[in-house]
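> The structure that follows is given in the form of structure tokens.
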């Protein structure tokens, strides 16, 4: 909502706007003011819908296949005057729709809450402190801070702008970013007259206003909120735009598209409407696939009804018994609870991921995670800690400053800085350890430098601030946006800003030369050219202090100074000199090569290397004058001004910044390798830095000799080299690079396209504005929680902690969910197949008096089994924990999805087994005990003549219930025995500690632990479901008049016996699958080297007492392996995942 002003805020000065809103630009609003304003104004949100209305969910529940069948069955039941069955069906419909509505409505609310967690936020000034709040909490009068990549939270009147450019294309259609100003001198378009009224200037020309939902493309600034929510300019457009856009081809305009268009358009609109409510055109891919399955089953139900009518010879009018039998068959084939179980499983998965710092913005990503084959990750803050520390500094010609004994990125007092003279950087010949280990020259590996005695080195002295070092610190402090301060209340150092700049600022504070101290001396900033990822540098222009006593830099006070920092290669191209004072030398090719060698030396230590440079300006720099001069010459003012500043620089030195890898990164990469997932690192760092970190975390091997020469040459590439390759050349590479250095946003997009052409399924991480295209085009875009709002909006998943292992946790949860969906789909469809087999075979049981088929199981028994018996175990299967081998299988086939060959075959095998057992029970009782007496009219009412049929039905009902419930326990693992679900260490033949009583006790009670402890919900669903059989069988009237069965006695022995036969049959089929390795998930079989391997850990693991006895044979094998090439050791791109007789489509370099 907009506040009240004497005239539009763009015509007012910032002070007048602040006065009208009662705010202070230096302190912001007070907490009391915010509380009052939140009562006065609605939340800062656009009312554009997005949330599904309750009635839409309700109609969707009515329009699914299961309910349609039940409606059909209810109508027929009432039509044949079977009011008991019709009433029960009506109750089932109400119950099913109510439960489904409540579950889906709750799921939508939870998803809205999860989306809110990743919604854009705003940095505001309140009570004199900068805080980050959700956009919805912004109120008129708030002072908002803007930086590059931010989404503007509301309409702002700017009062501070430093090279601030906003992308307003979504609002005004202007393709170019608009440069913002703070003055209220706005000219009428096309004239030199100042605007006096709002109508004289359009929205796009009010350049002192930053509009809600626009994006900051460059620079930084601050502004006062003047309008929120629907009162913003974009809100006004949203309010006036009520017409929804239709899909292409839906127009009814016959004049424009031809006379046939109204028919085509109407047909397509009807298709969209029906598909939307039936769930066939909207929803996640899995939801759509399962909805299609439901309607296919509905058609199968109609087909089965036709079969029933045909067997009964289509006697017209159709007898009630035949119609009811057809209804029963149709009900049996529909898995009524499938959609509800799927919805709950997904909601549980998103909740679990939220606890693991993963916010799912799109449910389709949740399904896609299980099929990810490649992860393209950034380095800084994801694979590494993002807590950078300056470790080395080099000043020409050969001065080295080293930070020692400090791992605290924020504390400038931790550790010491020493000084040393560097020797000339020379390329040393590396030892060939493989040659030294050959059979011709076997000897121990002696660490380099240990074989010869070296003179004892003297400790390095502490660093002192020399004139050249003082100028170096000056550039590092002023060409910097970070802040470092000591908090007296918390008694610790606090920092704000980017990690790289924080590291530089902390380094300058070690010598009490921080930015705040320098600006207090009188250094005044005139202009800023912010960091640009395309040129990889940043520059500022400062005026030295007027007071000569406060200017100890050695620079004259009457001249402005340009300070620049950035990527070494980019800075060197702009430098004409190196060093200061007497040590200054001209920049030539030899000098450049020497500096690049020094950079490579730092980078090989895993350090990010930046260059610092400066340039004395000729006179006082005037930003507006320089921009005007370049515009008069016909160039772009901003770009030309930057080019004029960033030339003829003098290199001050290099700085090496170390970002230690996270401790959990290497194990996470190892887990990806075990799962058949390849990890790529795409970073903006120098190739040597990228190589060192990639080697340290296990993305590439420590010794590239384990790879073929062709693969080793392309395992680490510069983005410039990769971008030069054509698509054909990229596709011709034996393997795609695992590390791309100096990576630009466009390189990420090319990498995605290259992976996709190879049939791979990738996840891409990003945090910047320029990462948005790659995040949106990747199969699974993953944004960092600390990243820009644009990146978060483009991604499907947001990591709130920015950690790589959170990605792995999300993949693990996605795989767990996928496995559980397979389990409960198999459970539900198996019971449906068993019921259909029983009913179709039951068509042969004909009443000789009437000639109609006799139900082996009644319609209400089927409904009870499907709605009560099957549903709750299916919910329990959806809550199963991840299996122990969930991350040792390759990614699932995204085309086949849930319905793999194993699931389809298992469904028919177990369904056939279930149908056969129940059918045999009915036959034994009716034909074995009672001589085939099927009674008279036993489908509609009970009489003494129907006793055999009713007792047989009761036994079949109890048995079918128990078989379905027991199968839920069996489906806890699709391949493992129910009695051996989770093997423990006591089963390991290498474990010789057989006297451990705890292990023996655990093995003794393993079945109890597997069935009860691991999933109590499933356990009680099975137990209570099994006990529910008894009241339905024995309660008078309910059994004979409703369920059409009768109390039984000796038949229980048959029920128990057939249950044992069924369990034996399931266990036998599982044994066959395991023994003959059929229908197996393609296990990941590693090549010679795997990502995430740590040689030291492998060696320690090998050096156990149990392995010493095989040391001699191992040594011989190792010797042979070094003289005979191993085909798996020559490549990183083939992970063998195929089972016997099957070809795997999964390829990875691990």
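Cβ atoms here come from the backbone N, Cα and C positions, even for glycine.
OK, TrEMBL features for this one:
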type	residues	note
DOMAIN	8-82	domain 'Cation-transporting P-type ATPase N-terminal'
TRANSMEM	62-80	transmembrane segment
TRANSMEM	86-105	transmembrane segment
TRANSMEM	293-311	transmembrane segment
TRANSMEM	323-349	transmembrane segment
REGION	444-464	region 'Disordered'
COMPBIAS	445-459	compositional bias 'Basic and acidic residues'
REGION	621-641	region 'Disordered'
COMPBIAS	623-632	compositional bias 'Basic and acidic residues'
TRANSMEM	824-845	transmembrane segment
TRANSMEM	857-877	transmembrane segment
TRANSMEM	898-930	transmembrane segment
TRANSMEM	950-969	transmembrane segment
TRANSMEM	1017-1037	transmembrane segment
TRANSMEM	1049-1069	transmembrane segment
REGION	1109-1150	region 'Disordered'
COMPBIAS	1122-1138	compositional bias 'Polar residues'
COMPBIAS	1139-1150	compositional bias 'Basic and acidic residues'
> Under 8 Å between C-beta atoms and at least six residues away from its ends: which parts of the chain pack against the transmembrane segment (950-969)?
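Hits for the transmembrane segment (950-969): 827, 830-831, 834-835, 838, 855-858, 861, 865, 869-870, 873-874, 876-877, 910, 914, 917-918, 921-922, 925-926, 938, 942, 978, 1011, 1018, 1021-1022, 1025-1026, 1028-1029, 1032-1033, 1039-1040, 1043-1048, 1051-1052, 1054-1055, 1058-1059, 1062-1063, 1066.
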> On the DSSP side of things, how many residues of the domain 'Cation-transporting P-type ATPase N-terminal' (8-82) fall into helix, strand and coil, could you say?
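The composition, in the requested order, is 45 helix, 1 strand, 29 coil.
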> Is it the case that the transmembrane segment (323-349) and the transmembrane segment (1049-1069) have 3 or more CB pairs under 8 Å, with pairs at least 6 apart in sequence?
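Between the transmembrane segment (323-349) and the transmembrane segment (1049-1069), contact is absent.
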> Counting CB pairs under 8 Å, which listed stretch among 824-845, 857-877, 898-930, 1049-1069 touches the transmembrane segment (1017-1037) the most?
857-877
> What same-chain residues lie close to the transmembrane segment (1049-1069): Cβ under 8 Å, and 6 or more beyond its ends?
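Apart from its flanks, the transmembrane segment (1049-1069) reaches 906, 909-910, 913-914, 917-918, 920-921, 924-925, 951-952, 954-955, 958-959, 962-963, 966-967, 970, 977-979.
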> Which residues of the same chain, at least 6 past either end of the transmembrane segment (857-877), have a Cβ under 8 Å from a Cβ in it?
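For the transmembrane segment (857-877), the list is 73, 85, 88-89, 92, 95-96, 324, 327-328, 331-332, 334-338, 340-341, 344, 820, 823-824, 827-828, 831-832, 835, 838-839, 842, 918, 939, 953, 956-957, 960-961, 964-965, 968, 971-972, 1015, 1017-1019, 1021-1022, 1024-1025, 1028, 1032, 1042-1045.
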